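Enquirer: Dumping the structure here so I can ask a few things about it.
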Amino acid sequence: MDHLAHYYHAHIDELNRRVAEIVSREALSGLVIHSGQPHRMFLDDINYPFKANPHFKAWLPVLDNPNCWLVVNGRDKPQLIFYRPVDFWHKVADVPDMFWTEHFDIKLLTKADKVAELLPTDIANWAYLGEHLDVAEVLGFTSRNPDSVMSYLHFHRTTKTEYELECMRRANQIAVQGHQAAKNAFYNGASEFEIQQQYLSAVGQGENEVPYGNIIALNQNAAILHYTALEHQNPARRLSFLIDAGASYFGYASDITRTYAFEKNRFDELITAMNKAQLELIDMMRPGVRYPDLHLATHGKVAQMLLDFDLATGDAQGLVEQGITSAFFPHGLGHMLGLQVHDVGGFAFDERGTHIPAPEAHPFLRCTRILAPNQVLTMEPGLYIIDSLLNELKQNSRGKQINWNSVDELRPFGGIRIEDNVVVHQDRNENMTRELGLA
């Protein structure tokens, strides 16, 4: 924690600098950032799991307490309005007492609807950042999530401070332990549901604490890109395992994927080829490189794999240009990572939010930025046997270039994805996932 405390001081200085610049530019008194409010289930008295506003989490690791507020202007000491009601029904959050508290003036709020008494009196000159625009309107905010402020903050959130990088290393370190436990569970015969339980136990986080719903897919389920069903019964035959799962640390996410074959076979060789390709793509990352160019390079590598494993005929360039590789690799190479799994700013050209669209032939690419130091991105190439996409190839002449017998052999295995979390530095790449022990 000593390292975090040291880095945190500079982190707060940077956030204050950003706020000072944008509020001066927009002639605002400052920003009021709302952690959020509970959401109640329809016709019930139970709330959905609470998720704090990422703009709130950027300042401090208060992740599970609704009705909190930050008042910041970039000049004065940030003010934290911390919700601590008198409540005998629920666990009430303890008064904060961690390394970060010295950087805030903390005021306690006992009743959520009395927050106006603690907010600035000239509230119309402050901008509200948060989800609950109806609450902001009642409180008197006239500027609510202004585009200019949001675009500025989102653009700069892609540049991580040392504090943020350290949090993400720790999120990776935790997730690596979970991945190792899940791998062992797979080879020991566990079901998807059982693998999930062993993963969560290893990371020490519940389903609502990990940053996203884990993908635990055996066999053909690996062909479903966002598979979260978790079957309780084991398949009749154990062939393959794809796990896409992360962990959280102080609000920052890791997002890691591995694929395993149960036996040494052709599918296992394809995993080895994909692993080699993924590492080669990571070696291509450096400041000044356009992320879409890395995505296009991935399609070239997927095309070569289709040829090498007798899944398609022709030449690699032709397979890419005809969209054949997109049927086997339909998603983007990766995305920005940070406070959110699919972090903001991935399409921003500048502080004004000028949008860089994804290439027309690759609409699912989630990042079009030019790489720069201290950005963190996922690198997650894949190859899948997805019947709905391959059936489209069958409907025209492109289907003649597919070796359908080879495709049929791989169909029961579902697919492959390998994903690492990578920091772009000025003179090197830091593959957090690999460097923290996950092969």
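Every residue gets a Cβ built from N, Cα and C, even glycine.
Note that this is a predicted model, so its numbers are computed, not measured.
Feature annotation from Swiss-Prot assigns Mn(2+) 2 binding site to Asp244, Asp255, Glu419; the stated evidence is sequence analysis. Summarising the annotation, Swiss-Prot assigns Mn(2+) 1 binding site to Asp255, His335, Glu380, Glu419.
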Enquirer: Over all shown protein chains, what is the count of other CB atoms within 10 A of the CB belonging to Glu380 (Mn(2+) 1 binding site)?
Expert: 22
Enquirer: Measuring Cα to Cα, tell me the gap between Glu380 (Mn(2+) 1 binding site) and Asp255 (Mn(2+) 2 binding site) in whole angstrom.
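Expert: Asp255 (Mn(2+) 2 binding site) has its Cα 10 Å from the Cα of Glu380 (Mn(2+) 1 binding site).
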Enquirer: Rounded to a whole number, how many Å is the Cα of Glu419 (Mn(2+) 2 binding site) away from the Cα of His335 (Mn(2+) 1 binding site)?
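Expert: Glu419 (Mn(2+) 2 binding site) to His335 (Mn(2+) 1 binding site), Cα-Cα distance: 11 Å.
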Enquirer: Could you round the CA separation between Asp255 (Mn(2+) 2 binding site) and His335 (Mn(2+) 1 binding site) to a whole angstrom and send it over?
Expert: 10
Enquirer: Applying the rule Cβ within 8 Å of the centroid of the Cβ atoms of Asp255, His335, Glu380, Glu419, what extra residues of the same chain belong around the Mn(2+) 1 site?
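Expert: Going along the sequence, the neighbours appear as Asp244, Ile256, Thr257, Gly334, Leu337, Leu377, Thr378, Met379, Asp420, Asn421.
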Enquirer: Can you tell me the CA-to-CA distance separating Asp244 (Mn(2+) 2 binding site) and His335 (Mn(2+) 1 binding site), as a whole number of Å?
Expert: 14
Enquirer: Who sits close to His335 (Mn(2+) 1 binding site): which same-chain residues at least 6 apart have their Cβ under 8 Å from its Cβ?
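Expert: Looking at Cβ-Cβ distances below 8 Å from His335 (Mn(2+) 1 binding site), excluding near sequence neighbours, one finds Val341, His342, Asp343, Gly346, Arg366, Cys367, Leu377, Thr378.
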